[in-house]
Amino acid sequence: MERTFLMVKPDGVQRNLIGEIVGRFENKGFQLVGAKLMQITPELAGEHYGEHKERPFFGELVDFITSGPVFAMVWEGENVIATSRLLVGATNPKESAPGTIRGDFAVTVGKNIIHGSDSADSAVREIGLFFKEEELVSYSKDANNWVN
Ligand code: DAT
Ligand code: MG
């Protein structure tokens, strides 16, 4: 089953949105297979956001993502990578639709609440950066038969 990496950023943790965000993915019908509250080091931040190293906002991005704890998660489900991006909403909250997480809770691109992998390759890479295989749990739930 497809997996993706989702992470409540420091602003989402500070604004008490972990429960709200977990609830949205649960309610959708996806399954949580791993989660932890953690502090990102500058080294991990640099790896995670490596594709943005040359961008003018890179320094601010690393400072922000290391400014407090994040809630890192792995979610599983049919088409979960692309569908999660729809639930997360556009990168810039000025453009994210109401009903999406960023559309409902964020105002500015520098504090946009949540990260979600953007492709199958990113999902594998990011899950590997944040989680060891033994931290992820494979299990079945009867409710999944009413989703898929
Ligand atoms: P996303 O998080 O939607 O995948 P991204 O990968 O393009 O977006 O950028 C990663 C993060 O970098 C994004 O969530 C917020 C920050 N960011 C992106 N563009 C920015 C900009 N123009 N100014 C400041 N921060 C930006
Ligand atoms: Mg991205």
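Note that Cβ sites are derived from N, Cα and C of the backbone, with glycine treated the same way.
Now, the feature entries from TrEMBL:
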DOMAIN    1-138  domain 'Nucleoside diphosphate kinase-like'
BINDING   LYS9, PHE57, ARG85, THR91, ARG102, ASN112  ATP binding site
ACT_SITE  HIS115  active site, pros-phosphohistidine intermediate
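With a cut-off of 6 Å between Cβ and the nearest atom of ligand 1, the binding-site residues LYS9, ARG85, ARG102, ASN112 reduce to ASN112. Taking a C-beta cut-off of under 8 angstroms and a sequence separation of 6 or more, ASN112 (ATP binding site) has the following same-chain neighbours: LYS9, ASP11, THR91, ASN92, PRO93, SER96, ARG102, ALA106.
Listed recorded positions: LYS9, ARG102, HIS115. The one with the lowest count of other Cβ atoms within 10 Å of its Cβ is HIS115.
Non-local contacts of ARG85 (ATP binding site) by the CB criterion (under 8 A, 6+ apart in sequence, same chain) comprise GLY116, ASP118. In three-state terms derived from DSSP, ARG85 (ATP binding site) belongs to a helical segment.
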